[in-house]
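Reviewing the structure listed below.
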Amino acid sequence: MAQGTLYIVSAPSGAGKSSLIQALLKTQPLYDTQVSVSHTTRQPRPGEVHGEHYFFVNHDEFKEMISRDAFLEHAEVFGNYYGTSREAIEQVLATGVDVFLDIDWQGAQQIRQKMPHARSIFILPPSKIELDRRLRGRGQDSEEVIAKRMAQAVAEMSHYAEYDYLIVNDDFDTALTDLKTIIRAERLRMSRQKQRHDALISKLLAD
């Protein structure tokens, strides 16, 4: 069985990466593609469900997991911790399922060091004006928080060149098509096709 591919997806807050990933998953069967559910110490936002969007834990629980080396990556963002379970990711990949990680550039660097075969995708907004509009459209944050998020977005975007692929999310449908194209191309790589069609290739080359 061909090993699944781990996809690292990063973007500044408001660029639409979560929406793109969710839209992609709706077009892919569960036995092909799944999204990693991270642990976090931040409070749930309206509509977020424990175990579906995140595993919400307190700081003591998170630190205990760090001490057990339970995370493939972890980072602090805006005073909250986020981490990805090492065991959960490796188990899913072993079944041939592709896994998507929605993480920031700090987590991406940690993942690439531990899993160099992972593929990484960075998503950019079409402009700062549009990014500001999207951040304000949530209607959840104060001006101070929005300013902080915009500054963080600029810092995040400065790492775009560290990734394998770049998508500009101007038109959502076009960006989604770009994301699907990346996945399709990766599945057609020689290394994965040789594993997937090993029996066929052996028969075709037999005397």
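Just so you know, glycine gets a Cβ as well, placed from its N, Cα and C.
A15 (ATP binding site) carries neither a helix nor a strand DSSP state and counts as coil. The 10 Å shell around the Cβ of A15 (ATP binding site) contains 25 further Cβ atoms across the protein chains shown. If you look up Swiss-Prot, you'll see A11, P12, S13, G14, A15, G16, K17, S18 marked as ATP binding site.
Look at Swiss-Prot and you will find 4-184 tagged as domain 'Guanylate kinase-like'.
Under 8 Å, Cβ to Cβ, and six or more positions away along its own chain, P12 (ATP binding site) finds L124, P125, L131, Q152, A153, V154, E156, M157.
Summarising the environment of A11 (ATP binding site), the number of other Cβ atoms within 10 Å of its Cβ, over all protein chains shown, is 24.
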